[in-house]
Amino acid sequence: GLSKIKCDLMIPENNKNHHTEEISTERLIVRRGQPFTITVSFSAPVHNYLQQMKRTFLIVQTGSHRYKADELQTEFPISSLGDQRQWSAAVEEQDPNFWTLCVNTPANAPIGQYTLLLRASKSSHFLGNFTLLFNPWCRDDEVFLANEAQRQEYILNQDGIIYQGNENTVLAQPWDFSQFEEDMVDICFILLALGEHFQREKDPAQRKNPVHVCRAVAAMLNCSELRCLTECEPGQHPDGIPPSTWLGSSPILRQWIASKFQPVRYGQCWVFAAVLCSVLRCLGIPTRVVTGFTWAHNTKSSLSVDEYYDEDGTLLAQDNTARVWTFHVWNECWMARTDLLPEYSGWQALDATCQEKSKGPSFCGPAPVHAIKEGDTQVDYDVCYFFAAINAKCQVWIHKADDTLKPAFGGTKYTGNNISTKSVGSERCEDITHNYKYPEGSLQEKKVLEKAYRNMKELETTSSSSTTQFISFPTALEEPVNLFIHLQSNSSLQLGQDITLSIEMFNHSDGEKATHLVVGIQALHYNGVPIAQLWKEEFHFNLQSNSVNNLQVSVPYTWFGKELGENHLLRVTAVLRDEDSFYMYLAQEEISICDSPVTIEFPENMVQYKPSTAKISLQNPLMEPLEQCVIAVTGQGLIYRQRNYRLGSVQAKSTQELQIPFTPTRAGPRRLTARLTCLQLQNLKSYRTTNIAAA
């Protein structure tokens, strides 16, 4: 009898109750702090074995059927009453030949892959395997999130949006998190185990702590020897895939596993953040992707950063790594910080992109967003790095032909603008800058900056490390008020559209001024590295006293469209030189090419499991053919993995259409994404969400 025990793990019911049915309907995957039900069947009536059954226990252990020293094992009796605060099992229903058991897991149990055994008398019987995840639905779990719409978004939503572009034109880029695809949960635990190994964390009980899990996973993405992804200099992708080509996380993680943990080439900040979001959502930690515009990277906690231009306003490539990025992407994770004061619980900033730090691992966080806003830079982990990145002032310098540096007046830039994330339950962009900073120029902002500066100076004096540079507080340069320059341009352009520039020059002095103006356009990588000077023109003006001169310039697309770079970013500069005093005045604007020429159309009514067809149109807006066009199409629950369609050439000002047959396998809102790559343009993405009726 007892040698022939069978167990039904009741997977469909349990997984549905634990919000894991999208991960699997064939494996038991449950969330901690919430009971699950199993049925144990005996081959003969139980009363035949009363002596053996007097004391029966369940055993849960991590790892394989055979327990090892570095794994966890817990044994607990089967009783008539369960205890919800700890591992326990209660008989809910019994019959001569079977028991229905309710198994409780503590809300602080280590997450992991467990084996379940039944011990009666001296023998143990294997019942099955289950996976235990964090539980944002459980009030006692450190990752508890009270709002159901937020849980749906930050745990269960697989369709993401990552914001790029510039602070005046925030562009939505689709991303497929695919955190519930088959085998993703196993990949996530492999990633976690390797991250722990890299961090030299040997205690499996640490997995109860979401801070530990976040740090172990972040370490694995970009910082360890076995890292999942390799970072590249923008525009340089030898033997690899350009970061902007990726459409989702699962191809990256699958490639990493298939290659036996060879780093996947290549990723940049948005790829690291997107993959980290997939892994943490899969493990049950509420996570979102956040973009900040004008981000001071690698400042080593300094509140000032410099940018250098030549006398014609061309941005110069710098040797030092501290630089202002047009945008940067990181994550936020929701959790209680039991290691800190209660006010630091909530959203935590976590950044898997490598930083140059004086000590510790090269990722950053989790850092309480509240601590960043309040300037509490001494708080763990790495608050000072986030604070400096979004509060540093950028001073612009002109590198003159005689190798001297002159300040460019009017060129000071402020960092940490338009911090954005996808809003809950919609594809709208939500501005969350107020979570990170007080309003620009407010009294609170001034107090926070002073407090942070004091904290950072204390850190500097107590730090024994000689590599940390002096934390400099930015001082305003005395600006001569005689001249002023104002530049206006389209902050976003349609493909093929010309640039229109408007430049206003103000002379506030009582005398006439002889001036020299240079206007230029450069292609730019997202991380502030210049690609190429695309256009430049010089002008000479005699500005009358107390007057305004206005200059309108039109730059045809054909002059700059050939070298847009991977992020389709342009920087426009105008440098005005006073010929008498040699003071230099600079104004700058950034422009993003914003529209993809690809559109997607669905038929009106689509039903799960019924064949359907989507129409994809490629409209060439240019005056030349688009050569070697390839459209990649992907869509969770609509098509299986990624399909590539080769279109060849699309003639100037013409449209080509594609019919995409598919059979939806999942009901509800589903997204189709199309990415265009051709000789002239790289990785322009479009997406469309539709609703699939349940069969």
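Count begins at 1; order follows the chain as displayed.
Glycine is treated like the rest: Cβ placed from N, Cα and C.
TrEMBL annotations:
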- 261-354: domain 'Transglutaminase-like' (DOMAIN)
- C269: active site (ACT_SITE)
- H328: active site (ACT_SITE)
- D351: active site (ACT_SITE)
Under 8 Å by Cβ from C269 (active site), counting only residues of that chain that are 6 or more apart: H328, V329, W330, T353
Long-range Cβ environment of D351 (active site), under 8 Å and at least 6 residues apart: A218, A273, W330, N331, F363, C364, G365, D382, Y385, F386
All-chain count of other Cβ atoms within 10 Å of H328 (active site): 27
